Amino acid sequence: MQVTSSVREPLVTGGKTYHDVTHDVSRQVEGKPSIAWFLAFLTSAGVLALGFIALAATLWEGIGMWGLNKTIGWAWDITNFVWWVGIGHAGTLISAVLLLFRQKWRTSINRAAEAMTIFAVICAAMFPVIHMGRPWLGAYWALPLPNTFGSLWVNFNSPLLWDVFAISTYFSVSLVFWYIGLIPDFATIRDRATGLRKTIYGALSFGWDGAAKSWMRYESVSLILAGLATPLVLSVHTIVSFDFATSVIPGWHTTIFPPYFVAGAIFSGFAMVLTLMIITRKVFKLEDYITMGHIELMNIVIIITGSIVGIAYITEFFIAWYSGVEAEQYAFINRATGPYWWAYWSMMTCNVISPQLFWIKKIRTSIIATFILSLVVNIGMWFERFVIIVTSLHRDYLPSSWAMFYPTWADIGVYLFTFGLFFTLFFLFAKFFPVINMAEVKSVLKSSSEKVAK
Amino acid sequence: MERDKHFILGVYDDEDVLLHAVKDVRSSGVKIHEVYSPYPVHGLDEELGYKRSRLPIAAFLFGLLGTSLALTMQFYMMKFDWPMIIGGKDYAAFPDFIPVTFEMTVLLASFGMVGVFMVTSNLKPWAKPRIFDLRSTDDKHIMAIDIANNSSMEQDKIREVLRSSGASEVNDKSFDE
């Protein structure tokens, strides 16, 4: 049965049947991995191994391996943490918020975007954990566990502790949401397989049989999880921004941070989804499922969130002037014209100017332009966090303590380690898990073109 | 080999045909055991006469549990067990407790609801599902009719009802248990 619409842009092109959907997605899991996959996997595993040297050195010697000094106590570690958490916002946004808004185009990208979210959050969580110095004792500092001091509990007034709860809740709820969606697709692979693969995917599919009653509950669970995950995803970056906003450092102590961080998170998350999707659709020949329409819609989200971020930058600057607080005014002038001017203007160019290019239809529907701009956006977002964190700290209240931050090889190595980890996990996912949610794509295959089918 | 459970299966290619078929089959007096689909078909649960899922209620109750646990924990630790002045605030700095309370609410609501879903739908790694037709996770909708539940009706009559409702195939399937 082929269905095509004359009215609406089809979500899936190429006149795919239900069986084609099953076949196109399952064959990646069933076939031998391609040379391109092996090269990509080995490269990222190599980066992981190299970065591990820096990680091991940091754990062995301590945080002194990093370029931190008494003025700049937070630098690349927290920059990388916020950057990865931000990237980890797109997945749940796509699967939860777009589900509540009944945006059917989400169906072919939500699986990979959620996987990306989970891996990005793992990478993010690495940094605060390593920064503890002795992470093997970290559970006592981060969780309210009974201890021999009385018990001396953790401080529930601290945004850093709120972060522990926010990130771990976000990670576990995203993981559950993702896995619930995977169950029916694992069942599809199980029913096509024989031997060992049948056993493995049989266990992963939790005995799913596709009964109408199970689907009814599945839909109910998805909807409630989406309803819970929507405020959750907004709360996570809000709480991350509290780490800064509740402090009294000029440049951090601003009420605009929560919405501004959330918009920035969605902005960088969509950019990372685009980077990964453009590669994935090419390598796995999924151009009929992740179409130009999907890329264009994601680019539109990037224009919107990029513009919100741009307005936030300008508002911040205005409010610093309007507040009349000299320290606050200096912090912002120093960002733009001080020793870190290059970081500030990289951020402004990459985040405010470059996404505006997507207003031009030719650029927003060009694969190459989108790919390049998606990288540019994430470079810009890294600089944003660097600017907020390092330039606010490096010239604080006491001019005799002013300093600069220079990353050491361990700073760079630990950052590389998280890149290796992220891509290694993503490539493993792309090979062994169905990268597209087959069941959900099938459910919109007909309704998105019902004018013809009836 | 003698088997215990006997089913007649109607195989449907299209979700709209299936929805009408469910109505026709039920109105002709045949009791449907269950319908197996590769993807969720909207309205199928209503046609089959299933009651709305009560999972949202479970989620709400677990969420309530999360809220109360989180608030109790924070008030006990910060106000009663080891009171400390932090930032000149009250021991029980209620607004500061909101973020953790919210996260715990979401965590318990999600995990509680998913746990209930797993139990009620018998989802577990070692579960051995009864697969009527391998194509039911690919591109076909399978309507299963339990013969034991329809003993008042001739089997050929059931097959005829399925065929006239639009089934592309009518098959038999038996299981041991």
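Glycine is no exception: its Cβ is also placed from the backbone N, Cα and C atoms.
Automatic, uncurated: that is what TrEMBL annotation is.
Outside the transmembrane segment (A:35-60) by six or more residues, the chain places 66, 130, 135, 283, 409-410, 412-424, 426-428, 430-431 with a CB less than 8 A from a CB of the stretch. Marked as transmembrane segment by TrEMBL: A:35-60 (among others).
Annotation comment: TrEMBL describes A:80-101 (among others) as transmembrane segment.
The transmembrane segment annotation in TrEMBL covers A:113-133 (among others).
Residues or ranges marked as transmembrane segment by TrEMBL: A:160-182 (among others).
Annotation comment: TrEMBL describes A:221-240 (among others) as transmembrane segment. Residues 82, 85-86, 89, 92-93, 95-97, 99-100, 159, 162-163, 166-167, 169-170, 173-174, 176-177, 180-181, 258, 261-262, 264-265 of the same chain, all 6+ positions outside the transmembrane segment (A:221-240), place their C-beta atoms under 8 angstroms from a C-beta of that stretch.
Annotation source TrEMBL lists transmembrane segment at A:260-279 (among others). Below 8 angstroms of C-beta separation, residues 82-83, 85-91, 93-94, 109, 112-113, 116-117, 120, 234, 237-238, 240-241, 290, 294-295, 298-299, 301-302, 305-306, 308-309, 312, 316, 351, 355, 367, 370-371, 373-375, 377-378, 381, 384, 426 of the same chain, each at least six residues beyond the ends of the transmembrane segment (A:260-279), sit close to that stretch.
According to TrEMBL, the transmembrane segment annotation covers A:300-322 (among others). A Cβ distance under 8 Å defines the sequence-distant neighbours of the transmembrane segment (A:300-322), meaning residues of its chain 6+ beyond its ends; these are 254, 256, 259-260, 263-264, 266-267, 270-271, 274, 328-329, 331-332, 336, 347-348, 351-352, 354-356, 358-359, 364, 373-374, 377, 384.
According to TrEMBL, the feature transmembrane segment maps to A:342-360 (among others).
Look at TrEMBL and you will find A:367-392 (among others) tagged as transmembrane segment.
Summarising the annotation, TrEMBL assigns transmembrane segment to A:412-433 (among others).
Residues 28-29, 33, 37, 40-41, 43-55, 57-58, 66, 76-77, 80, 84, 111-112, 115-116, 119-120, 122-123, 126-127, 130, 182, 276, 280, 283-284 of the same chain lie 6 or more positions beyond the ends of the transmembrane segment (A:412-433) yet place their CB under 8 Å from a CB of it. Counting same-chain residues at least six beyond the ends of the transmembrane segment (A:367-392), those with a Cβ under 8 angstroms from any Cβ of the stretch are 72, 74-76, 78-80, 82-83, 86-87, 244, 249-252, 264, 267-268, 271-272, 274-275, 278, 295, 299, 302, 306, 309, 331, 334-335, 338, 340, 343-344, 346-347, 349-351, 354-355, 357-358, 405. Below 8 A, the CB atoms of the transmembrane segment (A:160-182) and the transmembrane segment (A:113-133) form 3+ pairs separated by six or more positions in the chain. Long-range contacts of the transmembrane segment (A:342-360) within the same chain: residues 264, 267, 299-300, 302-303, 306-307, 309-310, 313, 335-336, 369, 373, 376-377, 379-381, 383-384, 386-387, 390-391, each at least 6 residues beyond the stretch ends and with a Cβ under 8 Å from a Cβ of the stretch. Residues 109-110, 113-118, 120-121, 123-125, 127-128, 167, 170, 174, 177-178, 181, 222-223, 225-227, 229-230, 232-233, 236-237, 240, 261-262, 264-270, 272-273, 378, 381-382, 385, 389, 414-415, 418, 422 of the same chain, all 6+ positions outside the transmembrane segment (A:80-101), place their C-beta atoms under 8 angstroms from a C-beta of that stretch.
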